[in-house]
Amino acid sequence: MENLPAVTTEEPTPMGRGPVGPSGGGSTRDQVRTVVMRPSVSWEKAGPEEAKAPVRGDEAPPARVAGPAAGTPPCQMGVYPTDLTLQLLAVRRKSRLRDPGLQQTLRGQLRLLENDSREMARVLGELSARLLSIHSDQDRIVVTFKTFEEIWKFSTYHALGFTHHCLANLLMDQAFWLLLPSEEEETAIQVHVDENALRLTHESLLIQEGPFFVLCPDHHVRVMTGPRDAGNGPQALRQASGAPQGEAAPETDSSPPSPSVSSEEVAVAAAPEPLIPFHQWALRIPQDPIDDAMGGPVMPGNPLMAVGLASALADFQGSGPEEMTFRGGDLIEILGAQVPSLPWCVGRHAASGRVGFVRSSLISMQGPVSELESAIFLNEEEKSFFSEGCFSEEDARQLLRRMSGTDVCSVYSLDSVEEAETEQPQEKEIPPPCLSLEPQETLQKVKNVLEQCKTCPGCPQEPASWGLCAASSDVSLQDPEEPSFCLEAEDDWEDPEALSSLLLFLNAPGYKASFRGLYDVALPWLSSVFRSFSDEEELTGRLAQARGAAKKAGLLMALARLCFLLGRLCSRRLKLSQARVYFEEALGALEGSFGDLFLVVAVYANLASIYRKQKNREKCAQVVPKAMALLLGTPDHICSTEAEGELLQLALRRAVGGQSLQAEARACFLLARHHVHLKQPEEALPFLERLLLLHRDSGAPEAAWLSDCYLLLADIYSRKCLPHLVLSCVKVASLRTRGSLAGSLRSVNLVLQNAPQPHSLPAQTSHYLRQALASLTPGTGQALRGPLYTSLAQLYSHHGCHGPAITFMTQAVEASAIAGVRAIVDHLVALAWLHVLHGQSPVALDILQSVRDAVVASEDQEGVIANMVAVALKRTGRTRQAAESYYRALRVARDLGQQRNQAVGLANFGALCLHAGASRLAQHYLLEAVRLFSRLPLGECGRDFTHVLLQLGHLCTRQGPAQQGKGYYEWALLVAVEMGHVESQLRAVQRLCHFYSAVMPSEAQCVIYHELQLSLACKVADKVLEGQLLETISQLYLSLGTERAYKSALDYTKRSLGIFIDLQKKEKEAHAWLQAGKIYYILRQSELVDLYIQVAQNVALYTGDPNLGLELFEAAGDIFFDGAWEREKAVSFYRDRALPLAVTTGNRKAELRLCNKLVALLATLEEPQEGLEFAHMALALSITLGDRLNERVAYHRLAALQHRLGHGELAEHFYLKALSLCNSPLEFDEETLYYVKVYLVLGDIIFYDLKDPFDAAGYYQLALAAAVDLGNKKAQLKIYTRLATIYHNFLLDREKSLFFYQKARTFATELNVRRVNLPPLPLCGWAPWLAPSHPR
């Protein structure tokens, strides 16, 4: 302990978790002293080169500065370092090299959590760290701590290896845990922490919280209280003066030190080092001042415990019957163990056989304990504590039934439309006559098993034992024999003869198993012997009478046990003085006898507890050290008082002061056992954690008890609702030691209880199931092989890995060959169904046919087989045979009265009819299935019921009535919500979203259900779906057209943007940036529009995909092109960015589209001359692509531009070219209307621009013909008026003018136009050249 332990050897535990008992051991004058000095001295020992934290060459510097320079002591810093960087690495276990593929996956998950860090903060909270930031690009997490307790817990968890697995459980998906064993062992997630930074953080938090304990170079533990200016050397520290956190602290030497001693201590204390967090906590626990005088000083010496023989170093005369008298050189056999730092031990004189307490300082041990495990456990029975009553054989049976049980063997399987649609095309055809080699091998194995099946008994008996721990969940491994008598209240308790059975029983000279209940803290012995006593007061009086009878008869052992019992009863009622008298009498009755060592331990422990509570310093000095020696040195002693924990805490303080890791480990084990026995498991946590770390740091070989200890720790974490710590603890247990069968199954159970939802079968269990298989023995293990393989098959199938599931189920079939006919058939049916799910329906048909041919299935199994055969036949395209098989299955279900199977059979019939195109018949069968399902409990058939309702709703929306289909969708959603199945809820909501967006559009309902779907996507942690939904909801709000809706759309767009960034979906990200820019354009926030568009363009260019760039540039131009302001900005996006990309990539269609947009935009912006270039380009591209419609559009736009530029003849030419490309004959009214408009424009061009009334009249008449054909009266009125004017004023044809005028008047009357004028002057104003010359 000369150097501060590194991060891997710090074993902190939560300050508030352990029992609050007295601190320290006997007089702590030499154990804990006070050093008054500058705190910075603690770090002076480290030079600059030691203070710098090592940085790997391939790592970037931390994203956040965790603190000042490493070589600066915290007390000299302006800010205490409380931040820590966690570096996450994906490595290969054997070579320790990085795994680039897994590292990328890890970085992707970190990126997701960087956007939404709530789950990461939750996991780090379990590790007692506070999340500051995530830097996914550097694979780093920055955490901080605010208290010493937090850094203590975190460093403990990290040292135990929990941080690696906690973060792996969070960051890795379920597929990672389903890797094959070779792959699983190959890769791992590791969390690296800078040890120097962790040390500085720990020390700075210690300084912030007040005085703390340090180890000085003279190997003494002292308290660091403050700067050197506070005093001139070690000072006495009494009571709470300067104790850590204001608690009572150990007292130092009461006599003032001499100057020479003072200066020497100051000199040796030049470079003290803080104790590790666990020792800080153990010494901080408030102690009683009377403990100062107990047991003498603790001097650092031999830290090893000792067993076996010892030789006396000097003569010793015992001061009482319980103390051994011996002479120097005598041999003494130690009973149990001699614990360093304790002044007493129990021994037997080799020559005389006398047993008593021996002064540890007066003997020399011949057998020091070299192995830590031998110091922790003094016999084999103590090791059983970790697995005692935790996981019984019945628990294991129930677990395997839950894991391996499947409805496929007893309940008809529903033919899912989704599964059928995913069947491979070749498997829908008639199967080929010859199967591949692998299916042939499977079929051969099936036939072999069926042959063996015929010779097996129908209902074999399960083995009486699976070889698991024999302890049940509530029965101890040591089942004491109950006494064979029972005393009633009416008996004469003063007559020794009447009490002979009780007194003779209690007067046994040694320990018997039935005495365990007498010494136990709960006193179960009383309830078994004195059943008729309901009043404890009356019982105490009767026992007092029995005590008198024992005393009168001279039965000393009975007297001692009765006095002990009376003392316990008085102590329970807080009659401490009376209890002390009884315990003292019990001690006196023993007369130094150690025949019943457990009784001696119980008496001393209870008496020491009473003396401490009564503050009896003198008696404590005599009894407490001996009680501690008995508690630590006696193997498998019985916990007899709750105050035993205080004595063990005192022994732990002395072990820390004496720097004996073996004594510390023994004390931690006993404290953990004590608290677990008292149903205080959370108080045992710090001691279990410290025990595991002590064993790890000792370099001792792995042992079986370690696995059980980790699992006990995991069970306590589970009680504290720390699921990630549970999973990590279980994983570490499996990696550190080769677990037993019971331990592996116990691990599976813990994972099932603590795995995050919504995984009902978490993939993490696969590792422990395979471990259980590896631990099976050839004898009893054979019965478990089948259920374990079946459990693995169900697990892999649940997660969609049907290939490995088939392999495991095949092995389960082979392993269950002796399990009985029904079990074999069930396994074969399950195997066939897995082949169906895997898209191998022909193989499934062959397996099921083999079962049928063997004639071994029961009637209900025949129904299941018939239904499954029908499903497989349907998927291979044999509809008729499938219908026949469904009918057989339905008939079996009706004969057996199985309503659920009838409902599934009818639903399958409906799906088959729908597949065959008989939708009305399908609807009939589905309705019948719904009627049956509605009568069944949802717990049995909820998922199938939901699926059938969705199927029926889909059918109704297709063929009507659609409103009824909506009702079935809503019913399905209610059923899924009631049974709490998220996947079913998601499917139902998706159907409702489609219904309200496509079948019966409703914007409000569509938004509501999309938002519900979004919440469900968050529950199942599907980020891809979540991003898509956010994008869709944004579009929905955008379509509402209100400012509030636009702001909501912007919010959803930004959320989707964050997800797309995390998922590295660059295309989606670019579109999201652009969508946000579009919404800002609608909200008229112009300064943000350009910014978001620019970022979108940068993202598109980052991908290096010119097609994406082209799409983005065009879409950016569309924002302005479709808007009402700043439309000129669209020109640069179209002309300068998108069009060159379209030319470069050879995308002629995009080039044509852009040219058309530019022509239209430039025409609107009054720049027809510039538009001509793009109009000609559009025309050329249209001709090249053979697109007649776009060619006609191009000619039309060219004509319009030429018209605007005043080029009448060119405009006439292009209009005529456009008309020549129209369909002939005309098909639609729109085409006729186009003729009307174009001929009108041509007439105007000829009349006004080319000054040719005659040709203009011709175009007008063509327009009139089209208008008459169309029946457009307004157009006819307009054209008739024009013709009347031309013929009246310019062509001077009065007859035609009158005709056209009358026609115009007729349409004017019909259209309620009051007057039709033929004024020549306005026309002359429009076209001066048309004005007639005056007569001369």
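The first residue you see is number 1, and the count goes up from there.
Just so it is clear, glycine is given a Cβ too, placed from its N, Cα and C backbone atoms.
Taken from Swiss-Prot, the feature compositional bias 'Gly residues' covers 18-27.
Residues or ranges marked as domain 'SH3' in Swiss-Prot: 305-368.
Residues annotated as N-acetylmethionine in Swiss-Prot: Met1.
Sequence annotations record features per position, and here Swiss-Prot assigns phosphotyrosine to Tyr1248 based on a large-scale study or a structure entry. There are 15 other CB atoms within 10 A of the CB of Tyr1248 (phosphotyrosine), with all protein chains counted.
Taken from Swiss-Prot, the feature repeat 'TPR 1' covers 560-593. Non-local neighbours of the repeat 'TPR 1' (560-593) in the same chain are 320-323, 355-356, 506, 509, 515, 518-519, 523, 526, 536, 539-540, 543-544, 546-547, 550, 599-600, 602-604, 606-607, 609-611, 613-614, 640-641; each lies 6+ residues outside the stretch with a CB under 8 Å from one of its CB atoms.
Residues or ranges marked as repeat 'TPR 3' in Swiss-Prot: 665-698. Residues 9, 11, 13-14, 17-19, 156, 159-160, 278, 281, 305, 337, 339, 372-373, 375-377, 382, 385, 521, 631-632, 639, 642, 644-645, 648-649, 651-652, 655, 706, 709-710, 712-713, 715-716, 719-720 of the same chain lie 6 or more positions beyond the ends of the repeat 'TPR 3' (665-698) yet place their CB under 8 Å from a CB of it.
For 786-819, the entry in Swiss-Prot reads repeat 'TPR 4'. Taking DSSP states H, G and I as helix and E and B as strand, the repeat 'TPR 4' (786-819) has 27 helix, 0 strand, 7 coil.
Per-residue pLDDT, averaged over the repeat 'TPR 5' (863-896), rounds to 93. Annotation source Swiss-Prot lists repeat 'TPR 5' at 863-896.
According to Swiss-Prot, the feature repeat 'TPR 8' maps to 1192-1225.
Across the repeat 'TPR 5' (863-896), DSSP assigns 31 helix, 0 strand, 3 coil.
Residue counts of the domain 'SH3' (305-368) by helix, strand and coil are 3 helix, 33 strand, 28 coil (DSSP-based). For the repeat 'TPR 1' (560-593), DSSP puts the residue distribution at 28 helix, 0 strand, 6 coil. Shown for the repeat 'TPR 3' (665-698): DSSP residue counts in helix, strand and coil, namely 31 helix, 0 strand, 3 coil.
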